[in-house]
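Taking it in order: structure first as structure tokens, then the write-up.
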Amino acid sequence: MPRAPRCRAVRALLRASYRQVLPLAAFVRRLRPQGHRLVRRGDPAAFRALVAQCLVCVPWDAQPPPAAPSFRQVSCLKELVARVVQRLCERGARNVLAFGFTLLAGARGGPPVAFTTSVRSYLPNTVTDTLRGSGAWGLLLHRVGDDVLTHLLSRCALYLLVPPTCAYQVCGPPLYDLRAAAAAARRPTRQVGGTRAGFGLPRPASSNGGHGEAEGLLEARAQGARRRRSSARGRLPPAKRPRRGLEPGRDLEGQVARSPPRVVTPTRDAAEAKSRKGDVPGPCRLFPGGERGVGSASWRLSPSEGEPGAGACAETKRFLYCSGGGEQLRRSFLLCSLPPSLAGARTLVETIFLDSKPGPPGAPRRPRRLPARYWQMRPLFRKLLGNHARSPYGALLRAHCPLPASAPRAGPDHQKCPGVGGCPSERPAAAPEGEANSGRLVQLLRQHSSPWQVYGLLRACLRRLVPAGLWGSRHNERRFLRNVKKLLSLGKHGRLSQQELTWKMKVQDCAWLRASPGARCVPAAEHRQREAVLGRFLHWLMGAYVVELLRSFFYVTETTFQKNRLFFFRKRIWSQLQRLGVRQHLDRVRLRELSEAEVRQHQEARPALLTSRLRFVPKPGGLRPIVNVGCVEGAPAPPRDKKVQHLSSRVKTLFAVLNYERARRPGLLGASVLGMDDIHRAWRAFVLPLRARGPAPPLYFVKVDVVGAYDALPQDKLAEVIANVLQPQENTYCVRHCAMVRTARGRMRKSFKRHVSTFSDFQPYLRQLVEHLQAMGSLRDAVVIEQSCSLNEPGSSLFNLFLHLVRSHVIRIGGRSYIQCQGIPQGSILSTLLCSFCYGDMENKLFPGVQQDGVLLRLVDDFLLVTPHLTRARDFLRTLVRGVPEYGCQVNLRKTVVNFPVEPGALGGAAPLQLPAHCLFPWCGLLLDTRTLEVHGDHSSYARTSIRASLTFTQGFKPGRNMRRKLLAVLQLKCHGLFLDLQVNSLQTVFTNVYKIFLLQAYRFHACVLQLPFSQPVRSSPAFFLQVIADTASRGYALLKARNAGASLGARGAAGLFPSEAAQWLCLHAFLLKLARHRVTYSRLLGALRTARARLHRQLPGPTRAALEAAADPALTADFKTILD
């Protein structure tokens, strides 16, 4: 029998997801009688390969195999497979074998599939078709019989390995639906950058991959628990409370508190008990629910619907982009709908603590007995409701976030409505109608409220709302207000966890949490119950009340110039900004307003129409319109509506087909580059032959930016270009929907892709497709699951869908609907590709020979021409500056840059920015040396911005581990081959690029440290942070070697072009430059870093030291001095 492929990553992934993973022969050996051989002499090679490559995976909830299987074949293979498919469809089970099959729906379903009575096929399933027509599977049925093969197909999951590294699923629940076992997260991960322990920095004394002890210290502070070592084996002493920290013998990946529910079996319990000696038994929870003495399970503590998960108390995305509604609380808000009485207080208590949803006013309610703990809370919460009814929210808003005297008067939408929380009208001066110039916009943009003003408003509202008895002490009140301040300082993707909210809150100060009066010894279970009740109250206060205040009084948004930092505009200010922005947008883009009859017609249209909503993002000189695509006209719930899902699926199919044509005929895109990889390939292909020909001639650079590229594309011309791409009357496509599952950093990662082909290159069998993708280098260490396969996707149908999307695009602005008559929506996944196709067609027609001896690149709408011919450079510039109306191309002269003189009057009086002949030429975040053609990174975009606002990492239960992961993931993105390629760049340039990458990484490191929860000081676990710095250097050097594969960079004794010691020195020097500015924070790190740098300095040869010191010249990093962190 042939040897089974290793496929180690795939086998590890399957072992983490199933109870048992066995080779097919081993599984059958357990069931077969003595002397029964599965593989015999003379068997076909296909059958031997099937047995060697097939893995049997037993799910955790699988039924046991037949007790005494007969090993007798009764049915043919097609009949058995059909019978299994019918049973799966009748059970409604999700099984890869039954994908594409469903039960007949009356007489309209057509004839049933052969050997079935009520199953029809609505999509091809190539895996099932291959199985039931395979001679090898037929021989397997003959050897094992009906009982065993039926059990394998219906109760187990079968995978076929495809060498060298992949596999595909044959049957069983799809792998992407399974949740990996808790052991998968605890599986140790390989250290980055090889097995090096760092560069002489002290390592934590831990067995968890080098940084477990520090992580444990970070965890211990988060939990308020002390960690003790009871023996050399690291066992934990008995604890009263469930521990939530890192357990001895576990990797940093172990997230016990979030391990999924699992089916407990004796086999699994024994295996886990054997592998985790010394662990605290059972999963630990933060706030174990359940009220002792309450007889009904309906009163259990559980997260209420619509709230964030247990790990997130408040997320900034919940109060972003909330326009309209006036500066008042919604009438439907819970506090506004309840009277300040004991009955209202009871409803409030039930909603906050017992997951009860208040019904509509006046609706009869069935009274339920309230537990004693919650019954005695009613007077306090009645007082809270009374405080809310008496709170002058309008006066508080005016006092803490005042409007300037010149602010415009609010329109009718902002008049105070009857009810609690309204904001009375103020008396700002009215703005003249029709004033929409940029000066007015800039004036309004400066009138945002600072986070400190917003915090003052929230603090005043909370102090008026919450009675002192609910806080219990001033300490608890100050802790909560500190978290409110932190919520306002988070970025666009920030979140505040439940653990941060309850940290350092004193439960014993809150007398209202007690189930009965009296001071006596509090059992551990009772204390945990009080923690849970207090946590629910704080969760509601922050996640409902504070968030509602922000949603009601402010429009919160990010900007284009401050990354993810949030800005707070009062609703009255933003309404004026939005009106000016809409007026400018209507002047710039051709929109036709729809009548009410046309709106109803579009809502009932088939196929469904995409509807976009327009919002604006502030930029330095005005507002940038952003179109959010994804809604369907008339759909009640966009994410779940079937019309939305169907249309979204069709759009993704069109996107996959356009990408297929782009890859098959790259000339259609002209000079388009779709990312850094494309830029690297094109620039390398231009630079290396040019240098090989001898001394490079003077080169002329032209950078041109197009104004409003997406909004200016003529729809008729775009339709002509896409018709040439799709050739709808000729092409028919085959689209295969596949899921790819792999492991990355110890976690299961899944992606869903569409593989497009035509009949000329179609791979009929999934095995062939997996082999093809591996040969192309686009698939590795993954399991492929085929979801569906469409063999007849007409090009005409896809072209009609494209016309439908472009010419029937509805935009909602305010309460009105418009049809876009020119351009395409920017928020669609198709936008970039459509723009690239259109401009590619323009380049092929207008500039067919411009790339001779030069290169033309275009990233969407940013052109770059490099040519040794001055005449061609001037002709190219002149053509684009005059504009190309046929393609809607109009140049923004303020962003046009050249490095040669432009004759006066040659461009009609306009003059672009002229740089010296030899300079660092800027283009799309790059700095190109106009003489040597070397590439540097352009970091000017970081000027006067906060790294902390732009870098967000999910802190969770393991903030240190997540910080390290985030930093290394960002480092991998920034270490691109374009900057590290030693064939394109000189060694000195690579030294400089590496140093700047490490210096920016040091800024990110500091930003992450500032974001660590629970006020974690660096001095508490310096070994962990030193290891993060060591990992940064080793990962950076590993990426450098990967970007220069085949080159010899270093040797023993710090010899070679770029030894690892040089990368370590650059990393240490960059971190010391940044961390030394914060001596108090990093006092425990600076000494070790300086010692390690000095040791490396002695090891490096003199020429290398001189080159490194030149790369670290402070003059080269002047841009970093303006970063705000």
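These residue numbers are counts, starting from 1, taken along the chain as shown.
Quick reminder: no glycine exception, Cβ is built from N, Cα and C everywhere.
With a 10 A radius on its CB, D705 (Mg(2+) binding site) counts 18 other CB atoms from all the protein chains. D705 (Mg(2+) binding site) falls within a strand when secondary structure is assigned with DSSP. Sequence annotations record features per position, and here Swiss-Prot assigns Mg(2+) binding site to D705, D861, D862.
Positions annotated as compositional bias 'Basic and acidic residues' by Swiss-Prot: 244-253 (among others).
Here Swiss-Prot flags 269-279 (among others) as compositional bias 'Basic and acidic residues'.
What Swiss-Prot records for S231 (among others) is phosphoserine.
Marked as phosphoserine by Swiss-Prot on the basis of similarity to another entry: S450 (among others). In the three-state DSSP classification, S450 (phosphoserine) falls within coil. Sequence-distant neighbours of S450 (phosphoserine) (same chain, six or more apart, CB under 8 Å from its CB) are F568, listed in sequence order.
What Swiss-Prot lists as phosphotyrosine is Y700. Reduced to three states, the DSSP call for Y700 (phosphotyrosine) is strand.
Among the features that Swiss-Prot reports, region 'GQ motif' is placed at 58-199, with the record citing similarity to another entry.
Annotation comment: Swiss-Prot describes 186-308 as region 'Disordered'.
The region 'Primer grip sequence' annotation in Swiss-Prot covers 923-927 and is backed by similarity to another entry. Secondary structure counts, DSSP: the region 'Primer grip sequence' (923-927) has 0 helix, 3 strand, 2 coil.
Positions annotated as region 'CTE' by Swiss-Prot, on the basis of similarity to another entry: 929-1125.
A straight line from the CA of D862 (Mg(2+) binding site) to the CA of Y700 (phosphotyrosine) spans 17 Å. Per-class residue totals from DSSP over the region 'GQ motif' (58-199), listed helix then strand then coil: 58 helix, 19 strand, 65 coil. The binding-site residues considered are D861, D862; of these, D862 has the fewest other C-beta atoms within 10 angstroms of its C-beta. Here D861 (Mg(2+) binding site) is positioned 20 angstrom away from Y700 (phosphotyrosine), judged by their C-alpha atoms. Each residue in V704, V706, A709, R858, L859, V860, F863, N892, K895 lies on the same chain as D705, D861, D862 and has a C-beta within 8 Å of the C-beta centroid of that Mg(2+) site, without being one of the site residues. Within 10 Å of the C-beta atom of Y700 (phosphotyrosine) sit 23 other C-beta atoms, taking all shown protein chains into account.
Along the region 'GQ motif' (58-199), the predicted structure has mean pLDDT 84.
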